[in-house]
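Here TrEMBL flags 1-62 as domain 'RING-CH-type'. What TrEMBL lists as transmembrane segment is 78-106, 143-163, 272-294, 314-341, 353-376, 404-424, 665-687, 707-732, 796-819, 839-862, 894-913, 925-944 (among others). TrEMBL lists 173-237, 562-588, 607-630 with the feature region 'Disordered'. Feature annotation from TrEMBL assigns compositional bias 'Acidic residues' to 179-198. Under the heading compositional bias 'Low complexity', TrEMBL lists 220-236. Among the features that TrEMBL reports, compositional bias 'Basic and acidic residues' is placed at 569-586.
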Amino acid sequence: MDDGTQDICRVCRSEGSLDRPLFYPCVCTGSIKYIHQDCLVQWLRYSRKEYCELCNHRFSFTPIYAPDMPKRLPIKDVLSGLVASIATAVRFWVHYTVVAVAWLGIVPLSACRIHRSLFTGSVNSIFALPLDLVSTENILSDIFHGCIIVMCTLCVFISLVWLREHIMHGGGPEWLDPPQEDNADGRDDGEENVEDDANLNVQEGDGNNAGMQPQLADGRNNNNNNNQRQAVANNNDDIGNWNPIEWDRAAEELTWERLLGLDGSLIFLEHVFWVVSLNTLFILVFEFCPYHIGHFTLAGLNLQEVTQVAHFESVLTTLCGYCVVGLCLVFLHGFASILGLRRSKKILGLCYVVVKVCLLAVVEIGIFPLLCGWWLDICSLSLFDATLKDRETSFSKAPGTSMFMHWLFGMIYVFYFASFVLLLREVLRPGVLWFLRNLNDPDFNPIQEMIHLPILRHIRRFSFSMIIFGTTILLMVWLPIRIIKRLLPTFLPFTFVFTTEQAHELSLELVLLQVMMPALLEQGHSREWLKSLVKLWCVSMSWVLGIRSYLLGDVLVDNQNQNNGAAPRVEEGERRPEEGEDDVRVRPARNVELVENDRLRRAVMNGQDDDSEDEGFVNFEPDQQQPAVPNEPEVINVEEEPEVGEPGPPPRVIPLERIPEVEDAAPGGLGFVIGGGLGAAHQALLLRDGPTGFHPYIRPGCFPIKIGLLILAMMGTLTVVSIFILVVPVSVGRFVMSYWLSSSDEPVHELYTTASGLYVTWLVIRGFLLLGTWIPKGWSAVWATAKKWSLMVIKATVAVVLLVGVIPYLCGLLFELVLISPLRVPLNQSPIYLFGENWVMGTLYIKIACASAMMGPPNFWLRRVLERIYNDGVRNINLNLIIRALAAPCIERLGLALAVPYVISQSIVPIFVPNLETQNLIERRIYPFLLVISLVIGIISFQIRQFKKLYEHIKNDKYLVGRRLVNYERPPPTPLASPVPVRDPPVVMGL
């Protein structure tokens, strides 16, 4: 080394010797320059890398062969190695073929035909099942339907495992795991301690507060100890049969390759047998039995006509069967409780929980969005000049597609409704939207709510959700359409025609939906604008109605009551402060102690409703302690700290704010979007702190009337905004399209008018906003900013012309010449190449190519260039980088691919081929012919490389005795050598 000290290995920190010399295989210097070869090999085997993690230099080894190795391998050795490789390839090919046939053929085919034989309704089909399994009739369609059945089986299995994890970690309902019988009152020590703590006098002082925390801690510890004792008592029988080490070893050995048979073994045949058996069990238990139970129930009640809907009778009958199974499980669970059958009671309770969660998931994820989609379609029939008869006809022609489209639109509606609620929570005062579910709540767990809350409460929530969502659709769709038809009779209906459109028009629609609209939504700052508008509306309404403290919460609440003369907020039933008495609720809290109310937790978990209407009061006097009311899980001490040497203030009865009842909540479609008070219920379930995020506010006079006026104003605003969205962009787009298109007699697709109107509207709004921010800075600053933006616009225009105009057109034209035109246009006809169609298709191809490049390896040149351009953005656009690194290489390759075949067919071929028909044939088929030639050359070059690797493999197997690490030598500087990175070999420029 440079400092004269002894060289040591960077891994083992030992010196070199004759049998273990030190090497310097990479660019690293200093104390990490040298390393032993065996240490490096061991580290490479462990890290699974072939380069240095510090300097990224790839290590190289020199092979060491036996002295008797010939210069060229004999033909015999090459042929024997080739035959062995071919035999290995054939063996793997046969094995993988068997694996593919087993998993993609036998499993889905058996599932489909077993399903068909069970639901045929005859005994002969069951006896003919063995012959039906080996039949080749309709094998492809049966395999497709079988794949769907297998996927349903996997989804049900994964869902059951997931539900089991939720029950294990979050606990089941209280009626499923009753408390121990050790305590006569049915409560353990932890519950008693918590309830005692809830009744404690919470006075300021070190002694009381210090004594309160240990009692809470002791109560929780006792509760945990009791739970542990109960778990141990229930699992004593299973301890002897449980060996976690063996199960962990089995889980480690079972990999995906071993499970599917990709490791070369035949153990997957056993797995195939078990999958077929589980598919049959799934069909019997989860489909066959519920369907026939529902069928017999409907037949017994003469209700079969109700479920006779085309193509969906079996689904409705199966759902009815699951409902009957759930009711039967409830009755059986009650009988088991009466008879004292603990194990049967536990099993029946778990089965009921599974059925209940499955039905609720179907309702929340399937039925609720479907109903929203159908209601949205019914309310918007006048928008498209359609009738219910048209919808019935389309449903009869394609029921599955119709149901899926309505479900999809319903899901989109629910998603945007939830997104708008999240935006409202950022603007409004915390606590205003207490009846709406907060999806950002980290403790929000809909599966736990499905498990714990009773079914009647879910039904009430579902009904409330339907009212909210249905009313919103009426206000934003049906009522605006009626108003537009009354005020603008010739404006509606919108024109959406797909039957008479050509292929390029459909392609333009794809571009609008996949390219332009996402770009508008991403770059249009729509969320910030919407948030600003909502903020402005809230400020205006709070100023008009005098409820700014309630609505926004940005008014300082103090004990002097100086907020526009408004009285502090007092709920119904609360005692107003007497004259001369401070309202303790508006003071900043000096010390807050949160005490869990155990009665609320038990009431929520038992599904009991608390009909108490009286507000609760907590007396802070030590001798007169009163328990908190179940609706008030928080006890807040807001007493002032006494000064030193003075006695404390006398105890006062403090009215606590009434918290909305938990059972008044309602879900909101997907994942309980709406649910009032559900956060408090979930907090109580998990024995956490009371509901947080509430800010106090000043309650003005005539508060209920003002809230009603606020709701009416909100409904009117929704209607007006919907009218604006339906009228303005379409009107602007129709005006623009009337100047763009030469013939205005034919109706224009409203997708084009809407897209163009949105873009023009966005540009106008964006321009006014920019002017509004520039003008206050002065005209000199406006002129400087205008010059800066002009230069940026010119650069962006050049980049857009190259990347969005030239390259997509060249790509679309190349695909048209290579693939589409030879397949679509015969030789006796002349192809017509449309600029718009080629550009549209090229845009889609470029988008697919960019997406594929972004999913490729990180060192791919196209991905690196795209990431750099994206990171630079429009403001810091680098036109030099775009042209040299992206546009020029792409245009060069695409131009050569287009020009070379054209020059050959138009310049060289006529010299040697005088026949015009042959010239036409060569001209039309030269592009696909050169593509085939390129593919053949690529395959041949790939096979040559593979043969070279095989040759080296054969030589290494027979004659390789070892490898020696190669030291890194820096290339000597030469005047003719261009500077290159260290990892690349030197490139010498010759004259």
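Just so you know, glycine gets a Cβ as well, placed from its N, Cα and C.
Nobody curates TrEMBL annotations by hand; they come from automatic prediction.
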| request: Output the single range from 272-294, 894-913, 925-944 maximising the number of Cβ pairs under 8 Å to the transmembrane segment (143-163). | output: 272-294
| message | Limited to the domain 'RING-CH-type' (1-62), I'd like the whole-number average of pLDDT. | response | 84
| query | Short question: which residues 6 or more past the ends of the transmembrane segment (894-913) have a Cβ under 8 Å from it? | reply | 807, 810-811, 813-814, 817, 919, 922-923, 926-927, 930
| request: Give residue numbers and ranges for long-range contacts of the transmembrane segment (404-424): same chain, 6 or more residues beyond its ends, CB-CB under 8 A. | output: 366, 368-374, 376-377, 433, 436, 439-440, 469, 472-473, 527, 530-531, 534, 668-670, 673
| task | Six or more residues out from either end of the transmembrane segment (272-294), which same-chain residues have a Cβ under 8 Å from its Cβ atoms? | result | 102-103, 106-107, 110-111, 114-115, 118-119, 149-150, 152-153, 156-157, 314, 317-325
| task | Would you kindly list the residues that approach the transmembrane segment (707-732) from elsewhere in its chain, counting only those six or more residues past its ends and only Cβ-Cβ distances under 8 Å? | result | 383, 472, 475-477, 479-481, 483-484, 488, 491, 494, 537, 541, 545, 547, 551, 750, 753-754, 756-758, 760-761
| DSSP says what for the domain 'RING-CH-type' (1-62): how many helix, strand, coil residues? | 14 helix, 10 strand, 38 coil
